Amino acid sequence: AAFALPALASSFEKDVISFRAIQAVLEKRGLSKLEDDPVLSALAHTKTIISNPVIEEALLNGANLKAGNGIPCAESCVWIPCTVTALIGCGCSNKVCYNSLQTKY
């Protein structure tokens with residue numbers, strides 16, 4: 001995953017979301033694939049979709065992670081708010097989407 005971090009850093013010009021976070025939203029909404037909901041698909045494609053190990057290393061272990069923010073939702077909110085993971089209760093804090101549930105996406 002370390003080789004992907006420079007690419008991730010440059011992609012922060014466009015916010016990121018993990019495929020696993022998208023899957024969690026799809027499951028909650030009872031959908032099987034992103035194309036089943038055109039609105040959700042459009043929201044997801046406003047961000048760069050990346051693999052979960054990359055976002056875990058960059059966001060979960062990043063310097064901006066502070067105690068009390070909650071569980072990172074595998075979506076960034078540098079330029080665009082938490083759009084996709086907001087559907088599962090995530091909000092923006094320090095450029096990362098968090099929720100207070102005890103589940104990691």
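Numbering starts at 1 and runs along the chain as displayed.
Heads up, the Cβ atoms here are built off N, Cα and C, so glycines get one too.
Listed in Swiss-Prot for this protein:
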SIGNAL    1-9  signal peptide
DISULFID  Cys73-Cys90  disulfide bond
DISULFID  Cys77-Cys92  disulfide bond
DISULFID  Cys82-Cys97  disulfide bond
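For Cys73 (disulfide bond), the nearest neighbour among the disulfide-bonded residues Cys82, Cys92, Cys97, judged by Cα separation, is Cys97. Remark: Cys82 (disulfide bond) has Cys73, Glu75, Cys90, Gly91, Cys92, Cys97 as non-local neighbours, by Cβ distance under 8 Å and separation of at least 6 in sequence. According to DSSP, Cys77 (disulfide bond) sits in a coil region rather than a helix or strand. The Cβ neighbour count for Cys92 (disulfide bond), using a 10 Å radius over every protein chain in view, is 18. In this structure, Cys90 (disulfide bond) belongs to neither helix nor strand by DSSP; it is coil. Sparsest Cβ environment among the disulfide-bonded residues Cys73, Cys77, Cys90, Cys97 (other Cβ atoms counted within 10 Å): Cys77.
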